[in-house]
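Heads up: the structure comes next, in structure tokens.
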Amino acid sequence: MKTIDELLAEGVKGKRVFVRADLNVPLAEGTITDDGRIRAVQPTIAKLAAAGARVIVASHLGRPKGTGAEPAFSLAPAAARLGELLGTDVAFATDTVGASAKETVAALTDGRVAVIENLRFNAGETSKDDAERGAFADQLAELADVYVGDGFGAVHRKHASVFDLPARLPHAAGGLIATEVGVLKKLTAEVERPYVVVLGGAKVSDKLAVIDELLGKADRILIGGGMAYTFLHAKGYEVGISLLQKDQVEVVKEYMKRAEDTGVELVLPVDVLVSAEFPDLKGKTPANFEIVDAQAIPADKEGLDIGPRTRELYASKIADAKTVFWNGPVGVFEHPDYAGGTSAIAQGLLDSSAFTVVGGGDSAAAVRILGFDENAFGHISTGGGASLEYLEGKTLPGLAALEG
Ligand SMILES: Nc1ncnc2c1ncn2[C@@H]1O[C@H](COP(=O)(O)OP(=O)(O)OP(=O)(O)O)[C@@H](O)[C@H]1O
Ligand SMILES: O=C(O)[C@H](O)COP(=O)(O)O
């Protein structure tokens, strides 16, 4: 992979450089609640601008339908925040490849930065059809002379701006991708043991597969968050209206059997916080919850955080670890009543003497929002699914494209 420094040495002055970033930040009513992903890519953008490039920053945000603009998924707040961090005006194009994008890019002068609107407002970005994705990549390629891939959080997606565009332009990897890959590589080699992995979050179907690989690698796997209920269901417990990936139950049973056969500790919650309703994340009105044993979730209730006994159990399983990888909040941490489990995991990591890696947009945000010092962890990765798929040993489209 060509590095950003090699690219800079070749000279970028006056060139239109397309930076594929991951500005998929958490938002609450249009306000960014954690700007970690913007701060992480800012040095790459600043370097290019300082070298006189005309920088075009592109990203997805959320999962809009791909049928045009959806205001709730606009990148405008992220563009404004990027301008604050850079200490300079950042132009914003209200479309991705249309008239606004073309005009905004044409108006860029050397050293200036523009953000174009959410890539996923266009069906071509995420299409499974190569030709449709390619046609969108052709349109993106018209905007730029050079491509810099630095959206680590999205490198596992075979999307037009991640996979097809770098094939159409001279390309290099940004500093964030280089750092992320450098750290995660260490976890795929020989790790210091005990190696403990904590998995939670809500993107259950995306993330279950990593367990297949981890069973041959980790000493203990602690399951929390939305992922836990598919396991509890597989054990034969009632999980009420909790998140449940029904089509994965057999797979999960096989994981549990393999863990037992190979001596890997696969640890499940012993108690959970349940409620009849999902919490109010806007007003944060106090939640109406109860703590129940994991085998006793009422049929009309949903599990929203790990319980106090589980927090203690998981902290004890982390305490003697030498390496910890954590992806996915273990509860709906956005509401204070369901943040206790996630806080306990973060604290557990800090109390251990392990090399700790926290991966994922929401996981990293949770650590900061809950008041932990991000510098106290070994590495905070901007990629959740991306870091998991890297650990799975998969070929990641966005990295493969930069190598080619
Ligand atoms: N028991 C639960 N039920 C429903 N949602 C949950 C539960 N536990 C955690 N969550 C939610 O999981 C979300 C985060 O999951 P996600 O899989 O997106 O993790 P991530 O760290 O952001 O990784 P990525 O970067 O891949 O998105 C949070 O919004 C949190 O509220
Ligand atoms: O949040 C993430 O993991 C990345 O931004 C990728 O988002 P996606 O899962 O919607 O592709």
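Keep in mind that glycine also has a Cβ here, set from the backbone N, Cα and C atoms.
On a predicted model such as this, the values are computed, not experimentally measured, just so you know.
Here's what TrEMBL has on this protein:
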type: BINDING; residues: D22, L23, N24, R37, H60, L61, G62, R63, R120, R157; note: substrate binding site
type: BINDING; residues: K207, G303, E334, G360, G361, D362, S363; note: ATP binding site
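Positions of TrEMBL features highlighted on the structure.
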residue	record	Cβ neighbours (10 Å)
D22	substrate binding site	26
N24	substrate binding site	22
H60	substrate binding site	26
G62	substrate binding site	14
R120	substrate binding site	24
K207	ATP binding site	24
E334	ATP binding site	20
G360	ATP binding site	27
G361	ATP binding site	22
D362	ATP binding site	22
| remark: Not counting D22, L23, N24, R37, H60, L61, G62, R63, R120, R157, residues with a CB within 8 A of the CB centroid of the substrate site are S59, N118, L119, G153, A154
| query | Looking at the binding-site residues G303, S363, which sits with the largest number of other Cβ atoms within 10 Å of its Cβ? | reply | G303
| When you measure from each Cβ to the nearest atom of ligand 2, which of the binding-site residues D22, N24, G303, G361, D362, S363 fall under 6 angstroms? | D22, N24, G361
| message | Cβ under 6 Å from an atom of ligand 1: which of these binding-site residues qualify? The list is D22, H60, G62, R120, G360, D362. | response | G360, D362
| message | Taking DSSP as the reference, which of helix, strand or coil describes H60 (substrate binding site)? | response | coil
| query | For N24 (substrate binding site), which of these binding-site residues sit within 10 Å, Cα to Cα: K207, G303, E334, S363? | reply | none
| query | Where the distance is taken from Cα to Cα, which of the binding-site residues K207, G303, E334, G361 turns out closest to H60 (substrate binding site)? | reply | G361
| field | Rounded to the nearest Å - Cα separation of G303 (ATP binding site) and R120 (substrate binding site) | value | 31
| request: List only the single closest residue to E334 (ATP binding site), chosen from the binding-site residues D22, G62, R120 by CA-CA distance. | output: G62
